[in-house]
């Protein structure tokens, strides 16, 4: 969506009748305009951060569409397009129903800690809060407010967190347990690009059920083979509600990877940004318990996490992942870049900026892999078209309007990876986008078949299989016999569960609903949920 409908300087605005902060209206007079304008600008810009948008008048309607900003060349005003309001906290236009702060003029002003002072305020190992009181350094940016004024949690980005992860140090970060590079583009094992198999990761988010099972069967039909003779594989980030766990069991039996996408899929994006370590544990570790029990997955292979709406949970999310022994996250988006980025471990500083609106990226060192989501280039003619922001999920690339466009899009992004550093190409979907657009599905299947037919060095693999290769890099020739890629190579035989048991269940945690749980194990007493993931009624 377009972010702004119009931009105007304050001077231009004042030619007409403008509303000022006290609610009065006045007209610019030729003889005293400079003085009034200067005074007004000083008053309006007092205590405002650079680039901060704010309202002159709070309220619904057009008042919630209009904001201004102080710049070096004067004050600028914008109005969000019709149907959108301006979200003061997110600092962007958003759908009306999503904006809850129309009656707020300015972003909340947060007290900052005194991290850098001419004279030390605290003893070694301690730092000063905004009120000059000293607390232990390790308490800063730990997700809990330990300063009386809360300032220890108000300056916690990758540049200011006193406990932030250090820059990449290749002498300390050594495979197989650690991988990093300063800009994120270096190939693991320092292999030449021409010797690296091009990995492609197809992922699907949300429930697996009757709405998409046939689609998955059509894509992964046992006839599409990687150069090693094994079936192409994908990763499924599964959310709980409406998931058919017998279908999850069969998907896993076929050699695809099952990962977690939360129990509730809470639709408040701010929840994921601000969730505690315990919240994350209930959502993600709880989802793993549900998958393992009701899909009867017993090989400890559920090791991946993706947050709903791609809302990163900062250090809390990654602390939970360490505590719960998850191997990797695939939520963080890297802005469109050439060459693209390789996955990395979180022991050291991320090799790219924290990308996205009000994202809460981790700042500390964590023993977790990041299967970074490289943005895709959606320009129709990358050589001539002007720059457009990239898109992480394929179905968010809003300018794809035909099968031909999608086919060209796939080829261009494949070439970006294949012709440069062969970083894994991620194609991330919600199933409905392909199911509801047969033209896109036809183009996608044609493209997969064409790639497999024309390349003997391209592999469609799972997220975990990518990490296994990074930990033990193998050339194109060696990849054909790379053991981790031959596991469940081509699975035959009948499903372990022909007819799932259909359990109609309720839960105190989901009041007023009877939900159908399909599984191949015995029905639980209650519908599994956050505080009762095995459904036995014990909270």
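For all residues, glycine too, the Cβ spot is worked out from N, Cα and C.
In TrEMBL this protein carries:
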{"type": "DISULFID", "residues": "122-134", "note": "disulfide bond"}
{"type": "DISULFID", "residues": "129-147", "note": "disulfide bond"}
{"type": "DISULFID", "residues": "141-156", "note": "disulfide bond"}
{"type": "DOMAIN", "residues": "42-104", "note": "domain 'Chitin-binding type-2'"}
{"type": "SIGNAL", "residues": "1-23", "note": "signal peptide"}
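Everything TrEMBL records as a feature, shown here on the structure.
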| residue | record | Cβ neighbours (10 Å) |
| --- | --- | --- |
| 122 | disulfide bond | 17 |
| 129 | disulfide bond | 25 |
| 134 | disulfide bond | 16 |
| 141 | disulfide bond | 23 |
| 147 | disulfide bond | 21 |
| 156 | disulfide bond | 22 |
For the domain 'Chitin-binding type-2' (42-104), residues assigned helix / strand / coil by DSSP:
11 helix, 22 strand, 30 coil
Do you know offhand how many angstrom separate residue 129 (disulfide bond) and residue 122 (disulfide bond) by C-alpha?
10
Do you see any of the disulfide-bonded residues 122, 134, 156 whose C-alpha is within 10 Å of residue 147 (disulfide bond), and which ones?
134
Taking just the CA atoms, what is the gap between residue 141 (disulfide bond) and residue 122 (disulfide bond) in Å?
18
In whole Å, how far does the CA atom of residue 156 (disulfide bond) lie from that of residue 134 (disulfide bond)?
17
PLDDT averaged over the residues of the domain 'Chitin-binding type-2' (42-104):
86
